[in-house]
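Written below as structure tokens is the structure these notes are about.
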Amino acid sequence: MTAQESLPLGRDVAGVDEVGRGCLFGPVFAAAVVLEGSAAECLLKAGLTDSKKLSAKRRAALVPLIQSLCVASALGQASAREIDACGIRVATERAMLRALQRLPQSPGLVLVDGNLPLRLWHGPQRTVIAGDSRSAAIAAASVLAKEARDALIRRLSARFPGYGLERHAGYGTAQHRQSLIDSGPTPLHRHTFLKRLLG
């Protein structure tokens with residue numbers, strides 16, 4: 001984790017991040033996390049960083065620690081149907097907004113991972129490029145969102161066997177693409193994402 005000193009923490013600051021933006025299947029998830037400095041230090045010592053850099057075992061171990069140490073956390077999601085209807089950027093913003101609105105108190109500042117502002121949020125915000133590697137609050141949000149989405153996709157894999165969802169979590173792996181060609185999409189696939197693949 002780098003440049004922590006330049007990014008605020010505290011009871012009035014929420015970090016927000018999304019997961020599943022590039023998937024072919026299922027919803028896009030977001031999480032919002034409020035962390036005080038002492039909790040951030042504990043989490044960083046426990047190995048907190050960008051969820052993409054963590055093993056599944058490490059991420060799973062961090063979830064209860066984040067939940068016990070944070071001031072507040074919340075999840076939001078936008079469905080594949082919403083993604084098809086309004087596009088991935090708007091759907092991602094909706095998921096982030098839903099997470100922020102589920103916090104017990106509206107944050108005075110939102111740290112948004114990436115370089116695109118959250119257009120639906122009307123309070124103060126700051127975009128943070130590579131935020132999940134620079135802000136403990138954003139990193140914690142990335143872990144919670146990733147674990148929650150992966151758990152949902154594992155449950156859905158039982159409803160839709162044959163697509164390997166439990167292995168690739170809905171991302172466009174070669175196996176997933178071949179399953180789509182062989183069997184066609186499910187109702188929970190993002191049909192607008194499949195036009196090039198399936199014609």
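Placement of Cβ uses the backbone N, Cα and C atoms for every residue, glycine included.
The number of other CB atoms found within 10 A of the CB of Glu18 (divalent metal cation binding site), across every protein chain shown, is 27. Under DSSP, Glu18 (divalent metal cation binding site) is assigned to a strand (E or B) in the three-state scheme. Residues annotated as divalent metal cation binding site in Swiss-Prot, with sequence analysis given as evidence: Asp17, Glu18, Asp113.
Annotated domain 'RNase H type-2' per Swiss-Prot: 11-199, in sequence order, evidence recorded as sequence analysis.
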Using other CB atoms within 10 angstroms as the count, which residue among the binding-site residues Asp17, Asp113 scores least?
Asp113
Taking all residues of the domain 'RNase H type-2' (11-199) together, what is their mean pLDDT?
96
Other than Asp17, Glu18, Asp113, which residues of the same chain sit close to divalent metal cation? List them in sequence order, counting a residue when its Cβ is within 8 Å of the Cβ centroid of the site.
Val16, Val19, Ala30, Ala31, Met96, Val112, Gly114, Gly131, Asp132, Ile138, Ala141, Ser142, Ala145
